[in-house]
Structures are given as structure tokens and as C-alpha cells.
Amino acid sequence: MQLTHDIQPEKIEKDRLYLDMGLSDEEFQRIKQILGRHPNFTETGIFSVMWSEHCSYKTSKPLLKKFPTDGPHVLQGPGEGAGVIDIGDEQAVVFKIESHNHPSAVEPYQGAATGVGGIIRDVFSMGARPIASLNSLRFGPLTNNRTKYLFSEVVAGIAGYGNCVGVPTVGGEVQFDESYEDNPLVNAMCVGLINHKDVQKGIAAGIGNTILYAGPPTGRDGIHGATFASDDLAEDSNKDRPAVQVGDPFMEKLLIEACLEVIQSDALVGIQDMGAAGLTSSASEMASKAGTGLEMNLDLVPQREQGMTAYEMMLSESQERMLLCVQAGREQEIIDIFEKYGLKSVPVGKVIEEKVFRIKHLDEVVADIPVDSLADDAPVYNMPSKEAAYYRAFQQMDIATPAIEDYANTLKQLLQQPTIANKEWVYDQYDSMVQTNTVVTPGSDAAVVRIKGTEKALAMTTDCNSRYIYLDPETGGKIAVAEAARNIVCSGAKPLGLTDGLNFGNPTNPEIFWQMEKSVEGMSAACDALHTPVISGNVSLYNQSKGKSIYPTPIVGMVGLHESTQHITPSYFQEKEDVIYCIGEAKAEFGGSELQHLYSGKYEGKAPHIDLDVEAERQEKLLSAIKEGIISSAHDISEGGLAIALAESLFNGQGLGAEINVVGDATVELFSESQSRFLVSVNKKHANAFESHFPEAAKLGKVTDQGQLTISISDKTIIHERVEELENLWKGAIPCLLKSKA
């Protein structure tokens, strides 16, 4: 396809060139009606990216409306670069999650790196200083050589960008499953801190005000990146490498500092990152939100390559670029700030009263489009939904409790499953301590970052067990939100809100859309029950390859507030003689569990049941006990069940052990993944106070200084292992798999 506006408009329709841009026949006819004429090549390209799923949410928008987005502390919900929640003292936390799945499948290093860069820009475009990054990653089995390559390069890309840009990577999650073999998921989250008075919006307001371009020149990288992200991943995906952007973290570091200084000037009206769809999306969205129009001259846009067409400049996704609206006559004030940081900024257009998006190039109008048709008036589709064929069969299955002969060996095998195994190989590559505010580093239930100059801190996590959501999307959606909140509470913080990263297959498949629909309903119910509004998010669809879809993976990024750093609670056992309790009861629930997969190689049956009222009550009571100072450690019981939680609580290098005695069926008690459960340790002087909070909690045993994990069932020892040996297996699993030959 020629990347030029020289192609005659009639030829675009005759040869159906718009199909290659991602537009349907019906959508092209709608564009003709909007314009009252044939669109030219540049206009067709502009519509194609703005009407892509990635930019318009045209199939997911009806579902997103189901999320609760309001709350007493929400200052900015969905609709801007990131959401904003009040944390008191005229301060707020800003956060969002974003996906970079397709680019990471094609060019994993740059795909992951630019995913980090893009989400950081979303946060500082709101006026916030980025203080932490997290990620949520999915790959195929680590026995596959291509998976090893993708895994290694994605982690290297996240580390390469994050470490250089000066924002600590403090947490995240990594899971492995066959459904992600050809379609990895790379979701990046950023958290920022802001004063209320500094909150910005991406608007182009004030007739006659100037549109300013800031950052490096525009090149040909990333053209049609938004469209690429809105289609199935092709088998010959190497041809899509030009759609992957190239990032420069050192440029971004300068851009952060320059923009945060610019934001202090009252000459600034609005600011937005040039993300997906580049100049096209930032300019048209800023005008649409302000109810204005915008005129831009592409001859003024800095260009990295010679002979770039209007089409290429408008659709380029070159990185580290920002678009600003500045008061007319005060442009030089802003230009001078950027120059101080060695960055170029130039006027490229102005705000106009007529609500059109008018683009000029080489003394010719190359696009003249009603601005709202690109944003709020983009098409929205109510997709057909059909219950997945497998779901009813799974619901009717009676999953037997696996018969275990050797409990110690089963524990060892589970500790070496890649999804459970230690992720030190990953997070050791990340700089988690830059900015010197990280209190709880990667590897705990939630990361914790202190707020300088205050007693407060922020807890943050990313969570999603996609196997549960595959088995039962509605129940799995509830569990995803509940587990994220559970992890925040275990750290001693109160959950504030969440950002959602909805990763699904092709929404034109009614069964996939049903997965989306039910997942959102489940998540929404949990958000209501746990008082955690959705303040931002991202949708990534068409995550399938060779006709095979990923498991539905709606990732939850959640942030919580510590009113005092004294309430920060570790996930590891602390001292010998501390009493160990389990809050919540285990049931024979093995559908989607790690034990089920270990013994059968499958995930099938019912997902674990969750009662949201019980979940909310237990979280509230545990948080109250933590604030009273009676909890020594708290750990969420999740993948692998109680046995894994016990082992993980000992893996802190202090030489501690535990003596545990449980009553009931050993397999159920140790390996069930029943929900709403916590493993806590309590100093024995606080045991009575704890039991008054949780009279139903099971007293399991005590912490020892013997370096042994001893588990008995009705006083009969079934596991007696050195903690050091268990920890070595847990830590060595992923490095061992990466070194092995497939």
C-alpha cells in the first residue's frame, strides 16, 4: 500500500484499500456520509486508527459502562490519561494500566520497553510524578524455546527502559500457560503522586490558543500501531515489525522533568501524550473533550526522516512526544522550559471555533473532519453474546479430590511450577530502589512505596488468575478483584481503587464476548462489595493466533493507602514462637488449581466459590487487627493453597521454620484454593486479642527457629522438610527451565 495522499479517493473505495487499514465496508460508507464525499487517503487513515478497537473501544464500551467509577475520593475517573484518587492532605495518587501485547509478540524487547514508556507518559501527562511501575505478564510454557526468548526479551525490555528512566519497578506477576504460547500478554502499570492543584486534563480549549509539539522528531516507526493492536496476531507477524515503536528512556527522563516544570506554568491549558495513533489521537481527543476544533500545519512538525507524507506523520507512533495547548502569546515561556532540558518544542497549530480537525501539508488541506466523529461519535457495537460451549459441561463436573501418596513430594513439585516458583530471575533485573522510597520490594503480596515528607505510604499490586476466569468468567472476575484487594490488605493498607487491563480474544466470536461480558459483571460486583471503583483502564482484544484464543485475562491493578508506615505488614513469618492461624475454611475445590494441573495436565470443572460479603468482612476485620498492632505477618492464600503459603512465609532467609497441625482431609486442607483465606502469624502475647477478632480462625501451630517445615494431619506428620531445600527448589525452578534445552 502506498503511504501517500496521492491515491485518488475513488480508488480507495474501488480497490477497498480501507480494508487493509482495519475499516469495514459499513464503516467506510459511514465515513462517506459524515464527510458528504469520499475521504482521501490521509483521512481514511485517520478514521481507521481512531475507529480501531484500541482507540475507540467500539465493542467494549457498552461493557465498560457497567463498572462503578465513582467514589467519595475519586477526583478523576476514566476518560483522561489516568485516574486520580484523593489520599488526603491535598495529595492524590494517579495510576493506570496499559497493554502492549501485539508489539511484544513481534518485537519483545521494544514492545515491552515502549509499553513502559507509554504508561509513564500517561501518568505524568496528568501532572503527576511517576513513583512506581508494575507489570503483569503472561507467556506459554517455559519448555518452549520461543517462549524462553519472548520471556527473556520482554523482561529485558521492561528493565532496560524502566531502569534508565528512573522510575522503580516495584511489583507485578508472571504466569505461564499454553494459551499464551503464540500470544504473550505484556501489561504495564504506573503509579504517580500529585498535588490536587496540579491535576491536568488533555484539552485544547480557548479559541486562538496554540498547539505545541514537544519531544523528538516524528519518524516512520509505529505507523498503524493502533490498528495492528486491534486485529488477530498473524502467523507471519514479522511483517508487522514496522508497527512496533522504538523507545528512548533517557529522552523520556528529560521529558518527565520538563513537563512537570511546564505544568507549574499557568500558560499551560492542556497536555496529552502522543500514544496510540500519535498526533491523530492526541489532537482530535484534546479538541473533542474541549468542544473545540483544531487546525494543524504538518510542515511545522519536526521530522526525523525526509519526504514524510501527511498520512505517515499523522499515524506515526514515534515515542516520547507530547502535545500541549498553550495560551496564545505565551508560547516562548513553555518553549524555554523544554529548551532547558535539551528538548525541542514548536507551535504546530491552533484551537479554532469550528468543530473540525483540519490538517494542512505543503499548502494543501489534507484532512478536514468533524472532530467529534473521531472521538465520542465513533461507532459502538452491541456484539452478540453466547455462553461458551464448555461452560455448562464444566459446571456439571464433579471434580474428585486428587489422591496424593507423597505430600512432601507434591509440595516440592508445586513449588517448582513456573507460575508459583520464585520470580527473582525477573525482578532482580529491575531497579526497584531508585527514588529511594520503596519500602516493600518485589516478591511480597503487594509492593509498598512511602510518600516522602509524610507518615503515609502506598501499596500496589497486579492480580488475575485467568484459569478461574476461563472456567467461570463471572466468578473468576470477582476473584480477580478480591485477590488484589486481599493482597493490599495483607500489606496493611486500605484498598482505594483499581485500574483494569481487559485482555481477551476476538470479540466478534459470541463466546469470547460472553467471556468479556461475564468477567466485567463479576468484577463490577466485587468492586461494589469492596468499595474499589474503577478509575482507569485499558482493553486489549484480538489476542489470538492460529485460531486459538488466550484465556480471558482481565488484570486488576490496585492501589491502597497506608495512613502510617507503622502499619506496613510483611508477608513473611517474623519470630519464633509466633502463633500461626488460618482465616477462612478450605473446601474440596480443585477446579483450575495448580494441583489439578499437576496431576491431570488440565484445568476443568468449577472455579472456587467466593462470597463477596464474607470477603469484605474478613478484609475489614484483618485490616482493623493490623492497625491495632496485633498481626506480625499476613499472606494471601492463593495458587497452590495453604501449603504453598506456609512455605512462602518461611522464604525470607532468617532460618525460621514452622510446626503445623491441621485437622481434616490433608489434600483439601493443604492444596485447595478456596477463596477469602489468609495465613497470619501473631505474637503469642496478642493471641487472645486476635482470637477475639477471629474466633473462627484455625490455630495451625507456631513459628520455630529450627529451619524445618513440619506439617501433620491430626498429629500424624506428612511433611518434614528443610526450609532451605524447599526454598532452593522454589528459587531454582525458572533459571533451570531457561537453561534447559527444549
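Just so you know, glycine gets a Cβ as well, placed from its N, Cα and C.
Per Swiss-Prot, the feature active site maps to His54; the stated evidence is sequence analysis.
Positions annotated as active site, proton acceptor by Swiss-Prot: His100. Long-range Cβ proximity for His100 (active site, proton acceptor), meaning a same-chain Cβ under 8 A and a gap of 6 or more residues, is found for Gly111, Ala112, Thr114, Gly115, Gly118, Val186, Asn187, Ala188.
Residues or ranges marked as ATP binding site by Swiss-Prot: Tyr57, Lys96, Asp500, Gly537. Long-range C-beta contacts of Lys96 (ATP binding site), restricted to its own chain and to partners at least six residues apart, with a cutoff below 8 Å, comprise Gly81, Ala82, Gly83, Ile119, Asp122, Val123, Met189, Cys190, Thr499, Ser536, Gly537, Asn538, Gly557.
Residues or ranges marked as Mg(2+) 1 binding site by Swiss-Prot on the basis of sequence analysis: Glu98, Asn538. Under the DSSP three-state reduction, Glu98 (Mg(2+) 1 binding site) is assigned to strand.
For Ser99, His100, Asn101, His102, Arg121, Gln245, Glu317, Ser318, Gln319, Ser540, the entry in Swiss-Prot reads substrate binding site, with the evidence type sequence analysis.
As annotated by Swiss-Prot, Mg(2+) 2 binding site applies to Asp122, Asp273, with the evidence given as sequence analysis. Summarising the environment of Asp122 (Mg(2+) 2 binding site), the number of other Cβ atoms within 10 Å of its Cβ, over all protein chains shown, is 28.
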Residue from His54, Tyr57, Glu98, Asp273, Asp500 whose C-alpha is spatially nearest that of Arg121 (substrate binding site), among the recorded positions: Asp273
Chain-internal residues near Gln319 (substrate binding site), provided their CB is under 8 angstroms and they sit 6+ positions away: Thr114, Gly117, Gly118, Pro216, Asp221, Gly222, Gln245, Val246, Gly247, Asp248, Met251, Glu252
Those recorded positions of His54, Glu98, Asn101, Asp273, Glu317 having Cα within 10 angstroms of Asp500 (ATP binding site): Glu98
Nearest-integer angstrom distance between the alpha carbons (Cα) of Glu98 (Mg(2+) 1 binding site) and Asp273 (Mg(2+) 2 binding site): 13
Where Gly537 (ATP binding site) falls in three-state DSSP terms: strand
Rounded to the nearest Å - Cα separation of Glu317 (substrate binding site) and His54 (active site): 13
